[in-house]
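Pulled from TrEMBL, these are the features on record:
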DOMAIN    A:95-324  domain 'ABC transmembrane type-1'
TRANSMEM  A:101-121  transmembrane segment
TRANSMEM  A:133-155  transmembrane segment
TRANSMEM  A:197-217  transmembrane segment
TRANSMEM  A:255-284  transmembrane segment
TRANSMEM  A:304-327  transmembrane segment
Amino acid sequence: MLRLIVQRLLLLIPLLLGLSVLLFGWVRALPGGPVQAMLGERYTPEAAAEIEAQLGLDQPLIVQYGKYLLRLLQGDFGVSLQSGRPVIDEFLTRFPATIELTVVALVFAIGIGIPLGYVAARRAGSIVDHSAVVVSLIGVTVPVFFLAFILKYLFAVELGWFPTTGRQSATMIATHPTNFYVLDGLLTAEWDAAWDALVHLILPGIALGSIPLAIVARMTRAAVSEVQNADYVRTARAKGIKASRLRGDHILKNAMLPVVTTIGLQVGLLLSGAVLTETVFAFSGIGSFLADSVFNADYPVMQGFVLMIAVVYALVNLLVDVSYGLIDPRLRRQQ
Amino acid sequence: MNDTPDKKKVSGAEADDVVLRVEDMSVDFRTEHGAARAVAGANLTVRRGQTVAIVGESGSGKTTLAMAVLGLLASNGSVAEGHIWFKGEDLGHVSPQRMAQLRGTELGLVPQDPMTNLDPIMQIGRQIDEGLIDNGLRTRRDARARTVELLDEVGLPDARRRASQFPHEFSGGMRQRALIAMGLSGRPALLVADEPTSALDVTVQRGILDQLTGLTEELGTAVLLITHDLGLAAERADIVVVMYRGDIVEQGPARQVLTAPQHEYTKRLMAAAPSLASRRIEIARERGLDDVLDEALLAPGEEHGTTADAADAPAAEPAPLVEVRDATKVFSIRGNGLFSRSKDFTAVDGVSLDIPRGSTVAVVGESGSGKSTLARMILDIEKPTSGTITFDGAPVGAGGHREQIAYRRRVQPVFQDPYSSLDPLYSVFRAIEEPLRAHDYGDAAARRARVEELAEQVALSKGQLQRFPSELSGGQRQRVAIARALALSPELVVCDEAVSALDVVVQAQILQLLAGLQEELGLTYLFITHDLAVVRQIADRVLVMQQGRMVEEGTVDDVFDSPSTEYTRALLDAIPGRDLELAL
C-alpha cells in the first residue's frame, strides 16, 4: 500500500513536468504571443517591447522555461491580470468553495444513487426499477445549466425556500479562518453562519450532483444485478445466513467495487470546477473564476489553475486506488 | 413456519432411515414463452448414510432437482407439482424462512466451481463463521475456533492461519476443501454435492473426493451427488439415478445400472464414458490398409498430399512436422517488496518432442505443469528462453512479419472454453469467415462457399450459420471453433483442452469428429489436456509433464499399460471409473 502511494506520488513529477511544458508552449503559441494577448486593443509596438523586457520574453525560450519552472517550484504561479493578486492566492480562496460544493453534490448523488440502483436491481422490472431508469436518463440528458435554472426559479425565486445566489447571505457577518464556510461556522460556533452557508449549497449541489447521481444509480443497478446472481451469493444462501448479512456483506459490498471506480472519476471531474453551475448561482468557486479568466485572456490564471487542478485530480485518483485496496483484498496483494 | 415437535411421527409410515423422499416432483421456470418444465415427475429416495448420484449431461435437470431440494432455485423457478419430503416436512411447500433455517443446519451444499463459489472479498474463515453464528451453532466469540476445527477436518494444512486468508490466496483444491468444510459445518442430515470436483485436476479430485466420502461416512451424512461422470458415480454412489431432459430415465443400485443399463440414454452415456475401457475411436482405426502398418511408417504426403515438397521427399525417414529440442521457458515474476528482486520461474524445462505428420500427440499434466506454455511456444505466442522449435524444417519464430503470418495459416489453435472463445456479437458464419478475411481468401462468394464447406465438415447445418454463439450448445460452439481453425487448411491443429468443458456424450462426438477430420484432411494434432481418458481415445503418442519437466514419453499403449514413473501411475489411478472398467 505504502509502495503504491510512493510510486504514484513519484509519477506526479513527470506528469507535472509534461504539463508545464504544454502550458508554457501553449501561451507562446497564442496568436501574437502573450504580449498581444495581454495588451489586446491597447497594443502598440512600444508597449509590447516594454512588457517583453519586463517579463523577460526577449530571452531564449529555454531560459524562459527554466525561469518559469523555477518560479513554479517556489509556488509562484504569477499574478492574475484581472485582480492583480497572486494566482496561488486566488486559487486557495476559491478552492474551498468548490470542495464544499463537490461534497454536497456527492452526498446527494451517492445518498440517492446507490439505494435507488440497489432497489432497482433487486426488484428488476418493478415500478421502482423503471422509475430509476427514467430518473437516470433525465439526469444524464438534461443540461446542467437548464436544471440549475429550473431549480433556482422554482425553489429560490417562486417558493423562496433557498437563496438564489452566492455562498452566504449579504447580511451575514462571519469570520472565515479556513474559507470552508460551513466548517468556519462550526469552528467559530457561529451556528447561524454555518446554516446559512449550508443552505446556499443545496441548490447548486443538487444541480451539480444530478449527472453523478444518474451514473451512480445505473452503475449500482448493473453491479447488483450481476452480483446477486453470482455463485457465491447462492452458496452464501445455502449456508442459511441472515438476509441482512447476505445483502450487506455479500451483495452490496461486492457490487460496490465498480461503483467506487465510477465515483472516483466523478469526484475528479467535480473538483475541476463546475463552470455552469457556479455561474448560474454566482457561486465563487474555481470554475466560475477560470471561465472569467478565459474571457479576459488572464493566462497566468489559466496556466496556474490547470496545473493545480491536475495535481488535485491525480491525488483524488490516488485516494480512490487506495480505497479499492481497502475493499478488495485481491488488489491489496497486487499493489 | 410449522413446528414439528416429533418429526419421526410425521413421517409416519416411512422407514426411519429415509432422509429425503422426492415424490412426483416437477419444477417449472417462468419464461417469456410460458412455463418451461425443467424436471418432470421425479421420484427418488435417499437413506441415512447413503450416497445417491444423479447422472446426466448439462441441461438434464440434475442440478435443478438438487436446487429444488435446497430451495435455491433461481427466482423464476418453482416446484410446480409433487412433494419433497425431508424428515417429515414438504420442502416444496414450506415458507422461505423455514427453508433458510434448514439450510446450513439440516441441509448442506458443496457447490460445483470453487473459483466462483467463494465471496472474493471476504476472508475464508469469516465465510464459515457467519453460517455458524447465524444458525445459532456458535457464538460470535467461539465461531472462529470451530471454523479452524472444520478446516482442519477437511485436510487444510495450517488451518488457523489459512482461515484469515482470502479466496485468491487459495488453490482450487484448497478452495474446494473450504467449501466442503462450509457445507458440512452445520452437520447436515443431507449434503448436496454438485459436481464437487469437476473443476479440479484429476489427482486433486481423488484426494478431495476421498476426504468428502470419508467425512460423510463418519458423520453418517446422506449425500446427493450430482455428476456428469458415470465413472465417478459408479465409484462413489450406492444408488445411481440417470436423468435425461428433465426425466429420470433409470435408477437403481450403482452396479446394476452400470452393468446392465436398460434405457437407451444410459447405454449411450456408457458408450461415451471416457473410461479406460474405451479404446481409440473407431473411425481413426478404420483407415483401410494403411492402418495395419504403424503410423510411423507412413510416408508423409503420400496419404495426405497437402504440401508439394513433401511429395518429393524420400519416403524412407519422414521428418516430423514439429521438432522441439530442449525448449525452456523462464518467466520472471516481480517480487513483493519495494526493493525485492524479481524471481525466475521455469515453466518449461528442457522439453524435447517430435510431432510426426498426420499423427496425434498428447501432452498431459496437471495445471501448472507447463503443458500450456509448451503449446504456446509451438503456436509462436511465446518465445522459448532457450532451445529450438522447428516446423516443417524451418525454425519457428524466425523470419519477419510475412513469415509469421504464413506460419499462422499453417498452425491453428482450438481453445478450451467454447463459451468465451467465440465473439458473442459475431454470427457463426462471420466467426468462421473471419480468418478467411484476415488472410485475404478469395472474394465474398468464394468465402461463402468455403464457410459452407467447413460447416458441412464439422456437421453444422446451413441454418446454424446465421445463429449467434448464445443460441448454440457447448458442443455446437466447439464445432464452430474447429471449423474456424480449419478455415485456412492448417497442417497442425493445437487443441488446448478442447473437449474438457463438454459433457461426455458431446465430448465423444467431438473427438470422433476430430478423428474423422484427421483422416479426411491429413491433419496433425497436438492435444493439450489433463484428461488421460481423452488421451486414450485419440492420441498416438503421449508426453507426460510435471512441473515443467517431461517425465515420460511414449506410445499411448506403452504409457498406459506400463507407466514407468510414479507420477504417471498417480495420474492414471486418479481417473474415476477404473472400477467401472473392472465391472464390465
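Note that Cβ sites are derived from N, Cα and C of the backbone, with glycine treated the same way.
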*When you scan the chain for residues with a C-beta under 8 Å from the transmembrane segment (A:304-327), skipping those not six or more beyond its ends, what do you find?*
1, 4-5, 8-9, 12, 15-16, 19-20, 23, 72, 77-78, 87-88, 91, 95, 253, 256-257, 260-261, 263-264, 267-268, 271-273, 286, 289-290, 293, 335
*Return the stretch with the most CB pairs under 8 A relative to the transmembrane segment (A:197-217), choosing among A:101-121, A:133-155, A:255-284.*
A:101-121
*Positions whose Cβ lies under 8 angstroms from the transmembrane segment (A:133-155), at least six residues beyond its ends*: 116, 120, 161-162, 164, 203-204, 206-208, 210-211, 213-215, 217-218, 274, 276-277, 279-281
*Going along the chain, which residues at least six beyond the ends of the transmembrane segment (A:255-284) come within the CB cut-off of under 8 Å?*
94, 97-99, 101-102, 105-106, 109-110, 114, 117-118, 143-145, 148-149, 152, 164-167, 200, 203-204, 207-208, 211-212, 215-216, 219-220, 222-224, 226-227, 290-291, 305, 309, 312-313, 316-317, 319-321, 323-324, 327-328
